[in-house]
């Protein structure tokens, strides 16, 4: 199914001398005359006695070439001297046997057969060209019905279907020769041949112009696209029906003899045999003038045999082989993980590689790895042989190999020489990001395990519990250079995803450093505890060495000073450093001997976080080389000090807080109160469950903090190993400590629901049998999740890589003026992500000035912000900055360096040719896998996430913004809407109205912002002063309340018992509750409030959603702030990446979330218009223009707006997640981009994973690459077609230049899978998913792949268009092409002058 071409094309392809590839449908003539070397007439394969191929069979040597090099079938000609001779006895050409991998044959079919890809792949290509449905076609193809090809003078219509009875009737009526009707492939062939595509195209365009129905237009546009594909290419539609079948070369479908006279064969041979057998039988039947029924059946069987060959199982039951296994057809050979694309073209096995178990190598330098001698000998064998020959030690390769096998001493000397400066690559599977493969200088070691430097373990995610690693040897000089310059471990100490150091000391190293740097200890006066003073660091170190380290208050060493004791490593001392007297400890002085001088004296404790910051600072101030040296010193120092400190934990180190009993008793009392409230019918069962869980969560936190505080303040606190380990960040966390010494806490069921009775025992006390059982119940979920989610995460990474693989840096600056705006991300008063972290390494699009001082420019437009600039902007109190982004980049292909910004892996501007798309995909995919693997570490502990109150974190003035509230009887302010917020602002002596105005125009920045939920109780008045730690508001966690805001009398409307409501007796409390239920009628359940008991004057109405429990009675008098009804929130589920990973997939696949929220389409005021077809009609009315937008909202959804609320475009009207497509339609591309980036970030942020925005932006950019044509104008584009933005603008530009009307289009959001399949390169799309559909589509319209992306070039074996040498390579190529043109030009002019 490839473009027609001669053998010369194949020769060119072999050399790789081509820069594009076209695919098309092959004609019968091409298959027979150009591809085939002969016709196969027999189904035989090989002779089972001689094992030689049968003549004329599927392995025939005459057709495919000899099985042995330079030897014909009969043995008449042997040896290379007869090259090219065709044997006169057996007809075999004397040549190399490898031609059997290239030469094809064909099978001449007795009747035309329809190719299943063109008929069965949706949309059916044949069906679309003929305008027939797939089911009609199927009946014709499989000989069930006749189709009229030429109606003649009858009353039949062309393409009309006739069953047997109808056909006989028509024949009787008009005679057999009056019309032409046929069955099977022959009928389809004739119909396709008679189709006039040009006129069909014109007719379809006409119909498309006249049709008004959207659905009909979409259908016509699809058909038009297929027909246009045939017209614009050199394909003929009748080629979709086969008269000859090409046969794959025999070496690609081998038949191998096994021991015991059996054979292993490729499934293709069985499938071909079936086709040949049926074809030969049909030919014989046709010669014998057999009855039509038998012939028809045989033809159908042949059609089915060919179907099975091309795509087994696509039509009917699959053909089974031995062991009842479906046979692998040609389609299966291409498809899926084990298909040709992914198994052989994109992933190949590599020679000169080995693998072994890894062990730690603490003695290694950062750029080294330990390579077992035996392994190195095998891997570097060719280099050793060459060196031995050069030295004259041996003269032949064979003798060199013998020498190596013997293990002669000179071999080891040569090996030592060779590996000096010859890097090797180490890889640990799974390679989730680019740090999974790094280069090291090998060091020969004894033993059989590879040794790895401790600091690179984090990058590889390796540990030493049996992990294995693969070693690869770069062979060519270029490969060695690349490994040395780009891939060495010291060049990869920062994460490309966030720019944070990845090579940071951990575990023992962190512990050792933390111990050394611990806070000073002050000895009491009576123990001679005067603070010693030293003149410089040297004196301190001398005293340390002389007096011996004193660890754990014991003297290690005999020398003492005048007070009779040695110098303690943690003792408070004074020392002169750089002219200043500093109070520090000997340990800190010792640590500073390894710190680069430029960083200054480090005089504080060193938990892992601070070590990480120090490494980053070191890189920025003193560069890579010094940082790598510093890292090695840190590793050395850390290990030595943790060994000397001899920290080990014992059971007595786990303290049980004394207040535990008291706190637990208090908790049980609170739970009893909640249970009583439930039994009295005050709260629902759901609320009881939620409140119980809240109580236990609070207890858990309280005990956890008490325990931590207790071990922290122990007299010997520096030496409580548990505290040391946790506080240093070496191992463990507060949650694990809580389980050891306080209580295990709440556990989760496998479905994520929390078991409300907690495990009150801890591991030190031991668990009861019941507690242990509950505990394992939750823990197992973690293990099961891990297994399932790892695969999900891997698949997500694969889709991300596929969608972004073509995004590379193609130019320095695209010159765009577009930008996006970024600001600090806050949650309440907490700053989740400061502005400086968001803008570091990005290009500013306009000058950034110091607020209030235009003369002071903090950053100029086009500057790529350094960390100091970003910090200055953040410190200046600037709220948001306009930066360039890959989302707005205008490069023709790929993106530009300025829009991308800094390369986070090295802090320099990104270079040309960098594969930023793949880096982005890996950055998002890698933590997904990590997180899924990490779920089980807490053993199913319930990690609930919500707080019942809001507390001020600093002093200030509280300002309500966009809040509707009502004052209840207790004087508290109850919030009535969802969209408002509380702002805490600095007290500047302004009036409340001034503050509100400044906040609404974003002229001042609030110290903290607290979004408040519906029903929240605000305890402080608007404009009141608050102090740090003061409670501002209480949040209702368990219910969504419906609150009355006006006084009056209650009247039920449409609350009909048995229809829209039902009385339910609570089993536990015995109380009767009135619950609104789902119903199908035209009822609109609501509570109306009237000013008087006679129900004359209506004050307000409140819609009641289904599931709500009504809290008031008919006719009851109520006051503002009273609860009318409550809608219980779903039981609290644990927050876990298990929910997070599917959320990321949902966002990047642009799926519609379940139970999605409705959003306002315009700015305006909310009103209700009753109910229609079980849907509530909500209207948003623009009060200025009078424009109205109707929303039909399901009665089951909970509204978060009320009548009279002002809403803005894009604001949520109901609870739930927003549909991204609606944001695009209503708010535009920018808002959608912002939404997607923030939503993906939120999932990762919840897990504490740091990913830079730019990576997510690249994925979002790829999702928004296409536009959908709404009006084609005078362009060649089609209505409803999704085209690339660049193609759309190009086409419009061409049309406008020719004076035509440009096309109109709307942006369209595609999920990553759809976007990958919609790529311009059919090779890339086919190797991703839906291989057969992609290839069919491409072949029908003769698509050309210009080999511009990564994947297609890897598949074709070309150099990839990226990497550090990409720009140079491009320039050399252009230079050579120009030279060639000049040469041709000179030659032509010379020729003319000679001829003249």
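The backbone N, Cα and C atoms fix where each Cβ goes, and this holds for glycine too.
Since this is a predicted model, take the numbers as computed values, not measurements.
The Zn(2+) 1 binding site annotation in Swiss-Prot covers 72, 74, 87, 90. In the three-state DSSP reading, residue 90 (Zn(2+) 1 binding site) counts as coil.
Secondary structure at residue 465 (Mg(2+) binding site), taken from DSSP and collapsed to helix, strand or coil, is coil. Sequence-distant contacts of residue 465 (Mg(2+) binding site), defined as residues of its own chain at least six apart whose C-beta falls under 8 angstroms from its C-beta, are absent. Positions annotated as Mg(2+) binding site by Swiss-Prot: 463, 465, 467.
Annotation comment: Swiss-Prot describes 814, 889, 896, 899 as Zn(2+) 2 binding site, evidence class sequence analysis. A sphere of 10 angstroms centred on the C-beta of residue 889 (Zn(2+) 2 binding site) encloses 24 other C-beta atoms.
Nearest in space to residue 467 (Mg(2+) binding site), taking C-alpha to C-alpha distance over the binding-site residues 72, 87, 90, 889, 899, is 899. In this structure, the binding-site residues 90, 814, 896 were compared by how many other Cβ atoms lie within 10 Å of their Cβ, and the smallest count belongs to 90.
Cα-Cα distance from residue 90 (Zn(2+) 1 binding site) to residue 814 (Zn(2+) 2 binding site): 66 Å (rounded to the nearest whole number).
Put simply, residue 72 (Zn(2+) 1 binding site) is 63 Å from residue 814 (Zn(2+) 2 binding site) when counted between their Cα atoms.
Sparsest Cβ environment among the binding-site residues 72, 74, 87, 899 (other Cβ atoms counted within 10 Å): 74. Reported as a whole number, the C-alpha separation between residue 72 (Zn(2+) 1 binding site) and residue 463 (Mg(2+) binding site) equals 58 Å.
Note: the Cα of residue 87 (Zn(2+) 1 binding site) and the Cα of residue 896 (Zn(2+) 2 binding site) are spaced 62 Å from each other. Each residue in 61, 73, 75, 76, 77, 88, 89, 91, 92 lies on the same chain as 72, 74, 87, 90 and has a C-beta within 8 Å of the C-beta centroid of that Zn(2+) 1 site, without being one of the site residues.
Of all the binding-site residues listed here (463, 467), it is 463 whose C-beta has the fewest other C-beta atoms within 10 angstroms. In the three-state DSSP classification, residue 74 (Zn(2+) 1 binding site) falls within coil. Straight-line distance linking the Cα atoms of residue 896 (Zn(2+) 2 binding site) and residue 463 (Mg(2+) binding site), rounded to a whole number, equals 39 Å.
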